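In what follows, a structure is listed as structure tokens, so that the remarks can point back to it.
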Amino acid sequence: MRNREVAELLYEAADILEYQQVEWKPRAYRRAAQMIENLGEDIENIYAREGKAGLIKIPGVGKSIADHIAEYLETGKVEKFEKLKGKAPSGAAELMEIRGLGAKKMKKLADTLGIRTLSDLKNAIAAHRLRRLEGFGEKTEENLAKAIEQYEKSHSRIALGKALPIADEIIFTLKARCKDTTSKVDLSKIIYTGSLRRLKETIGDIDILAEAEKGEALKVMNCFVSLPDVDQVILKGSTKSSVILKEGTAIDLRVVPPESYGAALQYFTGSKEHNIELRNIAIKKGYKLSEYGLYIKESGKQIAGSSEEEIYKALGLAYIPPELRENRGEIKAAAKNALPKLIEQSDLRGDLHVHTNYSEGKDSLKTMIERAEALGYEYIAITDHSRSQKIARGLEIEKLKAQWKEIDKLSKCFRIKILKGSEVDILKDGTLDFPDEILKELDIVLGSIHSGFALPEKEMTERIVTALENRYLDILAHPSGRLLGKREPYAVNYERVFEAAAANGKLIEINSQPSRLDLNDELILRAKTFGIKFCISTDSHSAADLTFMRYGVGQARRGWLEKEDVVNTYPYTRLKEVLKKLKE
DNA sequence: GCCGTTTTCGGCCCGACTGTTTTCAGTCG
């Protein structure tokens, strides 16, 4: 899958063109890059099958970009882009990340002061050389210094699992403060928007929206910027404020009047690409769409704005859930009333990947079962590590059998059904870490890779395919092996893995651990086209982890999954049938 | 550079905030 690679190439070219103040081309390149990123099909396959004609069919890709992509796929580079590279400062990509520094200012800095890297910029600021430039000033210099500091502190995105609790906490506190300050604000309308509401795996900053009449807006803003966790106030106006929390997270708050609340919620939820498409539809219908509402262009009369639903309706679209708003085809589907009916967390009847203190879990078997039953689940699978996982205290066969005995005993005390399982290592040659006579006694077998991450793509693919052909394996767990922000996914040919999973009827896990979220949304979408079924599991290492399910469900929804696609929405008897059939 | 049931040429999302400006450019989302 080289889509990401091709998209990066185009994004990079767009940045340089933007730096050169070339008009419109950067936008065209970025649009093409974005479509390629979200294609759901390997661009190499398209090119191999249909040549340039196939590439031109991709929205945003015309003859010229198709030529560039073809050249890149065949030779590994694009002559024209190679020449472009020399035209911008070497540190341009990094400098563009600094808040307040765009293409124009960067060019000015390069042309007048010869600034080409972040360290050049830092030196120039320290020597107060910026404030003398035309269009710059003392304040700009100070702000850039602060922005650099902020960039160096946390320029990476925040994991969903970290951002969501922070947002919940801030909103809780903000509501309490607002309640003490004014009675005229509807507290239930204070919610998070942005990529967080879309449940994206990582978040740049947290966006919060509130509703208030004009006279009350500033009161909400004052509550917000004076929250105890706020470190810096970046900007403060009557509709928009930005702050940075002491632990480094950036938070924006927007306040809008009731007649615009839905439009603002829609707008700030994004994604940007989804919104641009929506606005284009509005224009074609003779409307104008902004964060304040949907208006008739001629008369300026508002025809929708207080709720998201009425905006989509007025544009001739079915309501699109936030998780789908990535311009991956959801707008076309909404126009045809063909959106998926997305899975809900309440559809889940059990958790199929849970550790106990038999291996690396913190809590006892009994505690995990108790908590799962308290969550209302119908079943839970106990899946401690297999014997090769020495670090995680993987179970020897004797210990596994002892666990079975305890499960049999506990089964009599609980309503919830307990499946005897194991998270079995897929060894380097693709065999599983327990012999067949043990595997066939288990109710459920997860296969996963915990060693030999650096295998070349071909061998890693063979290893996983071999495991998928093992009749005793049920589920491929955390299939890409990535740890968000820490470890890249291992090299593997997903087309082949998905083919093998589909051919053998194997299930693919969506691991809900905030540090994993594995498979990711794009690969879920891709896997679904192979007809594969999934399970959403927490990979819990303590009873508290059982609540991680919300993150996995979010990724499943982003991958367009419906209830029927996910086997742990099935009643116990149906789940057992699925698992039994796999071993026949 | 791309695109088109109002266009094959002339458009390309829209508005807020800030700073350096006396009316606007740059940046951001």
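Including glycine, each Cβ sits where the backbone N, Cα and C put it.
TrEMBL has this to say about the protein:
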DOMAIN    A:1-326  domain 'DNA-directed DNA polymerase X'
DOMAIN    A:53-72  domain 'Helix-hairpin-helix DNA-binding motif class 1'
DOMAIN    A:93-112  domain 'Helix-hairpin-helix DNA-binding motif class 1'
DOMAIN    A:128-147  domain 'Helix-hairpin-helix DNA-binding motif class 1'
DOMAIN    A:350-428  domain 'Polymerase/histidinol phosphatase N-terminal'
Summarise the domain 'Helix-hairpin-helix DNA-binding motif class 1' (A:93-112) by DSSP state, stating how many residues are helix, strand and coil. 13 helix, 0 strand, 7 coil
By DSSP assignment, list the helix, strand and coil residue numbers for the domain 'Helix-hairpin-helix DNA-binding motif class 1' (A:128-147), in that order. 10 helix, 0 strand, 10 coil
Counting only residues 6+ away from its ends, which parts of the chain sit with a Cβ under 8 Å from the domain 'Helix-hairpin-helix DNA-binding motif class 1' (A:53-72)? 6, 9-10, 28-29, 31-32, 34-36, 39, 43, 46-47, 78-81
Helix, strand and coil counts within the domain 'Polymerase/histidinol phosphatase N-terminal' (A:350-428) (DSSP): 25 helix, 24 strand, 30 coil
Across the whole of the domain 'Helix-hairpin-helix DNA-binding motif class 1' (A:128-147), what does the mean pLDDT come to? Round it, please. 89
